[in-house]
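Peer 1: One structure coming up, written as C-alpha cells, with questions to follow.
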Amino acid sequence: MLLDTIAAISTPRGEGGISIVRMSGQDSLNILEKIFKPKNKKVSELKNYSINYGHIIDNEHIVDEVLVSIMKAPNTYTREDIIEINCHGGYLVTEKVLEVVLKNGARIAEIGEFTKRAFLNGRIDLTQAEAVIDVIHGKTEKSLSLSLNQLRGDLRDKIATIKKSILDLAAHINVVLDYPEEGIDDPVPENLVENLKKASAEIKDLVSSYDKGKIIKDGIKTAIIGKPNVGKSSILNSLLREDRAIVTHIPGTTRDIIEEVININGIPLLLVDTAGIRNTDDIVENIGVEKSKELINSADLILYVIDTSREIDEEDFRIYDIINTDKVIGILNKIDIKKEINLSKFPKIEKWIEISALSKLGIDNLENEIYKYIMNENIEDSSQKLVITNVRHKSALEKTNEALLNIIETIDMGLPMDLMAVDIKDALDSLSEVTGEISSEDLLDHIFSNFCVGK
C-alpha cells in the first residue's frame with residue numbers, strides 16, 4: 001500500500017445533478033472523520049460498503065449536504081480505503097468540498113493515479129489498466145465489448161496459460177541439467193513440445209487479430225474528396241443523418257476540414273469533409289485546399305466524389321491524379337440528373353456507388369460498401385473472442401513468438417538444452433512486458449497519462 005492519501009474530482013467539471021470527490025489511501029477514513037458529520041451517527045460507526053447521509057463541515061460551517069460511500073481495503077478499486085463524496089454538482093461547491101479534503105491531509109491525485117494504484121497494489125495487471133481507458137473512450141458496442149473482455153482479464157489469463165507452457169519447459173530443463181543422477185532422459189517430452197507449438201499458434205492468432213481489433217477500437221479516417229460543389233458536404237450530412245456542413249450552390253463553401261464520427265455496423269468511422277480542391281486566389285480557401293491534399297495521403301479510406309449532372313473536366317482528373325492508393329471508393333452523386341460517364345478513365349477505382357445525397361438515395365448502399373471494404377474478412381464475432389487492439393501488446397507478443405520458434409527449432413534439431421536458456425528468458429520477459437510485471441517508469445507514466453485525474 002502506498003503511504004499518502006490522494007483525492008480528486010471524479011466526475012466531469014461543470015454543472016450537473018451531482019459531483020463525486022474521491023479519496024484513496026490509508027488516511028481516507030481519518031480525513032472523513034474530520035470533515036463529515038453524518039446524521040445521528042459517528043463516522044467510526046459507519047459500516048463498510050455503505051452510503052451515508054450528512055454534511056461536509058469546514059470549521060463548523062456547512063460546506064454541502066452530501067451522501068458518502070465508504071469502501072474499506074482490500075476489496076476496493078485501488079485495494080486501499082476509498083471514500084466517495086457525492087455532493088451537489090455545481091462547479092464552486094465541488095471545488096469547496098475538494099478543498100476541505102485536501103486541507104485535512106489528502107493531496108491532489110496525479111492523472112490516472114487511482115488506476116495506477118490498482119495496478120501497483122496488484123488488483124489488476126497492465127492490460128486491464130489499459131482496458132479501463134479503452135472502456136471510457138469506447139465509441140461503439142463492438143469496441144466496448146473488446147475493452148470489457150480485456151478488463152475482465154481475458155488477455156491476462158491467456159498470457160498466464162502461455163507462460164505456464166514455457167515455465168514447464170524451463171522446469172524440465174533445470175531438472176535434467178541440475179540433477180543428471182536422476183536419470184531423466186534428455187529429450188524434451190512430447191507433451192511439452194506440443195504445448196509450446198500450441199502457445200506459438202495462439203500468439204500468432206493474437207498478433208494477426210491486431211489489425212482488425214484496431215479498426216474496431218479506433219475506426220478509420222475516411223476522406224471525402226472531389227472538386228468544389230460535387231456534393232461532398234451533402235454526403236457528409238446524409239451519412240450523419242444531420243446538417244453538419246453548410247451546403248450551397250456556391251463552389252468553395254467548405255473552406256476548412258470538417259470531422260465527425262459515425263457508427264457503421266459497430267465500426268467507428270472518422271468522416272472528414274475536405275475543402276474542394278481547385279486553383280484559387282482566396283487565401284483562406286487555399287489553406288483548406290492544402291489541408292485536403294495532405295489528408296488524402298494520410299486517410300485510411302478515400303471517398304472520391306463525381307457530380308454526374310455535369311461533364312467530367314480537368315479538375316476531376318487533377319484530383320483523381322493526387323490519389324496514390326487503392327483504398328478508394330468512387331461515388332457518383334446526383335444520379336437523379338446524371339449524364340453518361342466513362343468510368344474506364346478512372347482505373348484506380350474498382351468500385352463505384354451511385355447515390356443522390358440530396359434525396360438520400362443510395363446512402364444505405366454506400367454505408368454497406370464502406371463496411372464491406374473495411375471488413376474484407378468476417379469478424380462479426382470479434383467481440384466474442386480474444387482480440388488485441390494495442391500496438392504495445394502486438395510488439396511484445398511478436399518478440400515472444402520469435403523466441404518460442406527458436407526454442408522449438410532447437411528441440412527439433414536435437415541441440416543441447418542449455419542453448420534454449422536465452423530464448424526462454426526472452427519469451428518470459430516479453431510476456432511480462434504485456435502484463436506489466438516488467439515495466440519502466442516511463443512506460444507507466446505514458447500509459448496513465450491518458451487517464452483523467454479522477455480515474
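Note that Cβ sites are derived from N, Cα and C of the backbone, with glycine treated the same way.
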Peer 1: Have a look through Glu60, Glu65, Glu80, Glu84 and flag the one Swiss-Prot assigns to the (6S)-5-formyl-5,6,7,8-tetrahydrofolate site that Arg22, Arg123, Lys455 belong to.
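Peer 2: Within the candidate list, Swiss-Prot flags Glu84.
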Peer 1: Take the domain 'TrmE-type G' (219-375) and average the pLDDT across it for me.
Peer 2: 79
Peer 1: Would you say which of the binding-site residues Arg22, Arg123, Lys232 has the most Cβ atoms within 10 Å of its own Cβ?
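Peer 2: Answer by Cβ density within 10 Å: Lys232.
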Peer 1: Taking only the residues the record lists as binding (6S)-5-formyl-5,6,7,8-tetrahydrofolate, namely Arg22, Glu84, Arg123, Lys455, what is the largest Cα to Cα distance between any two of them, in Å to the nearest whole number?
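Peer 2: If we measure all Cα pairs in Arg22, Glu84, Arg123, Lys455, the largest is 19 Å.
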Peer 1: Given the binding-site residues Arg22, Glu84, Arg123, Lys455, find the one whose Cα is closest in space to the Cα of Lys232 (GTP binding site).
Peer 2: Lys455
Peer 1: With Ser233 (Mg(2+) binding site) as the reference Cα, tell me which of the binding-site residues Arg22, Glu84, Arg123, Lys455 is the closest one.
Peer 2: Lys455
Peer 1: Taking Asn229, Ser233 as the binding-site residues to compare, which has the smallest set of other Cβ atoms within 10 Å?
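Peer 2: The binding-site residues Asn229, Ser233 were compared, and Asn229 has the fewest Cβ atoms within 10 Å.
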Peer 1: Translate the DSSP assignment of Arg22 ((6S)-5-formyl-5,6,7,8-tetrahydrofolate binding site) into the three-state scheme.
Peer 2: strand
